[in-house]
Each structure stands twice: as structure tokens, then as C-alpha cells.
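TrEMBL annotations:
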type	residues	note
COMPBIAS	1-12	compositional bias 'Basic and acidic residues'
COMPBIAS	474-493	compositional bias 'Basic and acidic residues'
REGION	1-35	region 'Disordered'
REGION	474-507	region 'Disordered'
TRANSMEM	49-67	transmembrane segment
TRANSMEM	87-107	transmembrane segment
TRANSMEM	114-136	transmembrane segment
TRANSMEM	142-164	transmembrane segment
TRANSMEM	176-198	transmembrane segment
TRANSMEM	210-230	transmembrane segment
TRANSMEM	263-284	transmembrane segment
TRANSMEM	296-320	transmembrane segment
TRANSMEM	332-349	transmembrane segment
TRANSMEM	355-374	transmembrane segment
TRANSMEM	386-409	transmembrane segment
TRANSMEM	443-467	transmembrane segment
Amino acid sequence: SLRMTKEDKEAIAPDSIGIQLKDMKGAGDAAEEEDQDQPVQLKVYRRRWLMLAVVAILNNSNTMTWISLAPVDNYANGFYGEGAAKWFSMVYMMMTIPVGIFSMWAGRFFGTKTAIYVAAIANCVGCAIRLGSSFLEFNLRFPIGITGQAIAAIAYPFIMYLPSKVANSWFPHNQRALAVTVGAMSNPLGVLMANVIVPAIVGEVKDIKYVNMVIFIPCCIGLLLVLIGVRSGEPKIPPSFSASQEQMDFLSGLKQCFMSKQYLVLFVVMGGGIGMFNCLYTIMQKLLCPSGYENTFAGWCAALMIIGGLIGATGSSIIIDRTKMYEETMKVALGLAVVFGLIFMQLTLHAGLAWLIATCCFLFGVLGLATYPVGLELSVECTHPVSEATATGLIVLSGQVQSVIYVMLMDQLVKDATEEINKIQKCKLNDSDTANDPKDNTVAVMAFSLIAALLVVLLVFCFKPVYRRLEAEKANRAAADKREEQAKRENEKGLPSLDNATQPLNA
């Protein structure tokens, strides 16, 4: 019989199954190499929840840093200078593009632990510099503040692929989608918190410094948790058959992704969805204030969108964990999301429709953000055995590129406000305010709606995925069952079995 250590008993370990554990190629992490002929157990560690909590806190705090000035765009412009709020958001998207490819390579070469440490340190240092800018003279605030924001933005490319990476490395197959949801949806949860907290504490221009103080606190908590709790990036014993497989190196993985037609469809559509959500977060206040809606209402619209998204993403993750109906869930959710999104965009052009706008925001969030964890999981399914860092990182990178395009497109398509808009607008802080002129968003809304509709058409008619990871797990499980059956027959014949002599690895 096999001897169980105390730590083995604490783990949730499936049946002892003989598989070939291959080098997971995490050079920077202690993903231990075993002889390829040595069978080992699958094992699930309790420590996986700590790893997931670290990813969630880093994602949440970094997102709050990104979006915290958008709900009070007009006050932020008064504190840092004209157009400052837009640049505090745009610098995140712009930094992700050059740093993104490097972060995917570094995460593959140095390992998950290194990526987590880089993200936590950059996040905290950047926030500290931004906080320091609050106490400088006006002409120094923006250059110092945007420098801190840019450093914090460096953290995001290292965070963006961690939900899928940690889920695949630490969680069994029937918990992966839920783990991805917790890690990934902490991003929009950060947007929710920023949209609720920031308008509540900002009543005048000088209150922006309190925003910087509040944002700095979770960044410090995230760094402290990383320094105390993260000792390795991957477990010694894999939790699933697919996690035990050798993954492609970085360049081979890139080639595999861009040679897959199904992945390219996902690359465009998921990137477009992420880009549109990021754009809406950034311009929500500018979208609503010309029609007479206050900052507080704009904040609550973004909050309702994300509350709905948390509900939708949790529901979709449970569905795909149980049914593995990735394609069907993705197409239905995105199609309905665009319907409510188009209605929402049209309603923002009219005054006095607060309840209808809020309702559409909520339903748009339920269905739109439900596609986020599903899409990330699909990117891994379509490209297996490409590293999760590469497969999901490229999707998020596509989203950041498209975010910049959509924000700039919306800026270019707005027109000068009509006399009717000027009578009801809530954009200006006072009559002498020239930094927050209201705009007519009609043409921009029409263009945004057309792009959203085209993305859905592309997904529905061109996306026919093959679930490569699930097929690999089935093949590995069948091979393991065959080995186990062979070992039983050898035992019945009285022959010695090497499998039975193998002791389980201790984590």
C-alpha cells in the first residue's frame, strides 16, 4: 500500500493514477522535473486558493489605479490639467502594447512566480509616485502623476494572463472556469469599486488627492500578500491531465496561435469586446453628461454594468464547468449583450431616461461580461498545448490595442454640442469652465454600434472551435486507465508492478 504524508492527506487528491509527468518548463519556478517514465499522482492543493486570491487582489487594485479618475473626469482635469483624466486611462492601454509581448515571454521563461512579483512591485511603486504627485505644485502634478501611472501600467501585462495560468496550473478540470472567473472578474470589480467609491469622496477639485490615497491602500495589501504568501508559481504535482503535458516554447506558441483560424476569430472578437468595455468605462461620464446626467449616475451605470457582469460571469463559469458548452455559451451571451448594448448607447443620447439606461446597463453587463471568462478558456482550448500566458495574453493585448483605437475614434467622431445640449448638460463645473465642454455623441454612438454588430456576425458565422485541451485530457485519461488495467492484470498473474512500487511525490 502507498504511504500518505500529512500534506498529501490535506490535499484533495483524485485516485492514484499513473501518468507521465513532463517538465512544465517553468524555469523560474520550482516545477520539479521527473523522469518521464515515472508515474505520479494527480493532486490538488489547498494552497491554490491563496494563489487565486493573490491574482484577484493584484488585478483588482491595478484596475482601480487605471480607472479611478474616469468617474470624476471633470474634477481630475481641474486637478491635473486639461485632458489629464483621459491620459491617465490611455497610458494603461498604451503601455500594455509594448510591454505585453515581453511579459508573455518573461512569464514563460522565468515562471509565474516572477511575473507575480514584478506585477506587485510595479503596481505599488507606481501608485506611491502618483500619490506623491498630489502634494506638488500644479505644474509638476501631471508629469509626476502620469509617470507613476505609467509604472503601475507596466504591472498589467504581467497580470493579464495570470487568471488562466493559475487556473490551469493549480485547479482541477472541474474548477478551472470558476477559478478563471474569480481571477478575471476582479478586474471589472475594480472598475465597480472605483465608480462607487470615487464619486462619493470627490466633491471638489482638491479631493482628487484623497482618491490617490484610497487607491494606494489595496496596492500595498497586494504587495504584502505576495511577499508573505507566494513561494512557488506552480505545484510540484499537477492537478489535471492537461496540466501535466509539456507546453510549447514561446515562439512556437506564437506561431501556433496565429496559424489557427479559430483563434484569430477569437483574437479579433474577444479583443473587440474587451476594447469596447474599456472604452465605455473610460468615456461613461462624457457619454452621459451632455444629456443632463450627473457624475454620480454615470458611476452607478458603470457599477450596475459590473454587478450584472459578476452575476453573468459566475453563471457562465458554472455552466461551462459542468457542460463544457463553450461555443454555445459564448455565441448566445455575446449576441444578446450586443442587443442591450445598442439600446443602451442610443438611450444615452436622450435626457430623462435614467431608469431605462440603468436597466440596459445591468443587462448588458450580465451578458457581456459573461463572455469574458468563457473567451479566455476558449483561447486555451483552441491552442493547447500553447502556454496559457501566450494564448490569453494575446487576447488581452488585442483588447488593449482596440481600446486605444475605440477611445481615439470616439474622440474624433464627436461634434460640438447643440444649443439644446448646452441647456441641459452637466459636464462643466461652472460657467467659466473651458476644460469640460459638452459634445454631441450621435455619430460616435452610431459607429460604436456598427462595430459591435460586426463582431457578433464574425463570431456566429466564422467561429467553429475544436476543444484541443479537452481532447488531450481524454487521451491522457484513457492512457492512464489502460496502464492501470495492465498493472492489475500483471498483479493477478503474480508479476511485479513498477507502478505499485512508486511512492507519491510530496509537495
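Here the Cβ of each residue, glycine as well, is placed from N, Cα and C on the backbone.
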Same-chain residues near the transmembrane segment (296-320), Cβ under 8 Å, at least 6 residues beyond its ends: 71, 177-178, 180-181, 184-185, 188-189, 191-192, 195-196, 198-199, 280-281, 284-285, 287-289, 326, 329, 333, 354, 357-358, 361-374, 377
Maximum Cβ pairs under 8 Å to the transmembrane segment (210-230) - stretch from the list 87-107, 114-136, 332-349: 114-136
Tertiary contacts of the transmembrane segment (355-374), as residues 6+ beyond its ends and Cβ separation under 8 Å: 163, 177, 180-181, 184-185, 188, 270, 273-274, 277, 288, 293, 300-302, 304-313, 315-317, 320, 326, 329-330, 333-334, 336-337, 340-341, 343-344, 347-348
Feature contact check the transmembrane segment (386-409) with the transmembrane segment (49-67), CB under 8 Å, 3 or more pairs: no
Distal contacts, the transmembrane segment (176-198) - CB-CB under 8 A, six or more residues away: 48, 52, 55-57, 59-64, 66-72, 162-164, 166-168, 170, 211, 214, 240, 277, 281, 284, 298-300, 302-303, 305-307, 309-310, 313-314, 316-318, 320-321, 369, 372-374, 376-377
Counts by DSSP class (helix H/G/I, strand E/B, coil) across the compositional bias 'Basic and acidic residues' (474-493): 19 helix, 0 strand, 1 coil
